[in-house]
Amino acid sequence: MRFLTSGESHGPQLTVIIEGVPANLKITAEDINEEMFKRQGGYGRGRRMKIEKDGVEIVSGVRNGYTLGSPVTIVVTNDDFTHWRNIMGVAPISEEEQEQMKRTISKPRPGHADLIGGIKYNHRDLRNVLERSSARETAARVAVGAVCKILLKQLGINVLSRVVEIGGIKDDTDYDLDTIKKHEDSNDVRVVNEDIAQEIRAKIDQAKKDGDSLGGVVQVIVKNMPVGIGSYVHYDRKLDGRIAQGVVGINAFKGVSFGEGFKAAEKPGSQIQDPILYNDEEGYTRASNHLGGLEGGMSNGMPIVVNGVMKPIPTLYKPLASVDIETKEPFKATIERSDSCAVPAASIVCEHAVAFEITKTLLEEFQSNYMEQLQQQVDERRLRNIEF
């Protein structure tokens with residue numbers, strides 16, 4: 001399975017083509033839209049999300065509610081394009097017209113792709129960089145992940161997420177999975193503890209007032225994975241390696257860990273390795289899950305626990321020092337419409353990025369021309385964990 005997205009932040013639409021979806025997967029636009037709606041929420045979002053209504057249109061690869069096995073194409077319309085039609089249109093315009101629009105950007109934002117992208121692609125107008133490097137593209141990736149979550153759910157695999165920290169305020173209690181599932185969308189900062197949610201909202205409000213932004217940590221959990229997905233044989237087939245690439249490939253994500261993550265460096269091996277148990281109903285299992293469901297680059301049947309670190313958004317309403325690339329004189333960085341905190345929304349994006357990497361690796365592990373074939377092989381692998 002693979003996908004390709006296209007489109008700019010203020011262009012007419014985002015398009016994604018997904019190749020490798022098995023035939024006979026039941027899917028509708030409404031199923032995908034449920035996930036798209038979650039991405040638009042979250043405390044601290046900017047005005048853009050009041051404009052967009054991210055409903056998708058499936059334009060290929062699905063007939064009468066079922067996938068065909070051919071590439072699935074999904075379109076997400078950018079409603080805000082109506083305000084940017086001349087600026088972001090494909091037809092050429094004169095330099096005078098462009099100057100009158102006053103949307104040319106020459107003062108790059110620290111922490112963003114503006115300056116480096118301009119150097120790399122020789123763009124004097126840095127809008128040509130920020131339009132594609134914008135996190136708006138993650139809407140297309142959530143659409144991909146939504147398709148993957150539908151497929152995984154049919155196989156009995158569930159993916160959920162939560163926020164564990166924003167701006168240094170933590171809700172990192174090791175809750176049981178049922179509690180996390182019950183509360184994952186119960187409030188607009190996506191933490192379990194409502195008292196902590198109130199503290200976080202106040203911190204976000206203060207950051208907005210100060211013209212600043214906040215980052216945080218999100219957690220994704222994958223339940224009921226069959227064992228042995230991934231590989232210990234080659235580095236590029238290790239499941240944790242693939243998930244890590246998928247997570248840090250999300251805009252503003254700067255780190256990833258699994259299970260107890262970096263805390264493992266503080267403890268002896270006897271407190272980090274997970275003792276192996278066996279029972280007739282489940283087969284091989286573990287007494288704990290410090291390693292986050294991954295051993296030797298493969299799933300071990302325990303919940304896969306992924307932690308992602310998101311830096312604060314680089315667009316600031318009290319901008320940092322920058323340089324005008326035309327005059328080389330010092331200036332404050334360009335201000336673009338942005339969020340004060342996008343960590344709750346980013347937890348949804350991270351959830352869907354992980355869902356894609358899990359699905360991609362599953363489809364490589366088993367023959368997957370059609371769903372019935374895939375389901376049979378997943379069932380056989382689960383049985384093997386008992387009979388081995």
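Even glycines carry a Cβ here, placed using N, Cα and C.
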If Swiss-Prot says ARG132, SER133, SER134, ASN251, ALA252, GLY296, LYS311, PRO312, ILE313, PRO314, THR315 bind FMN, which of ARG162, ARG237, ARG286, ARG337 does it name for the same site?
ARG337
When you measure from the Cβ of SER134 (FMN binding site), which residues in the chain that are at least 6 apart have a Cβ under 8 Å away?
GLU8, SER9, ASN251
ALA252, ILE313 as binding-site residues, winner by CB count within 10 A:
ILE313
Where does ILE313 (FMN binding site) sit in DSSP terms: helix, strand, or coil?
coil
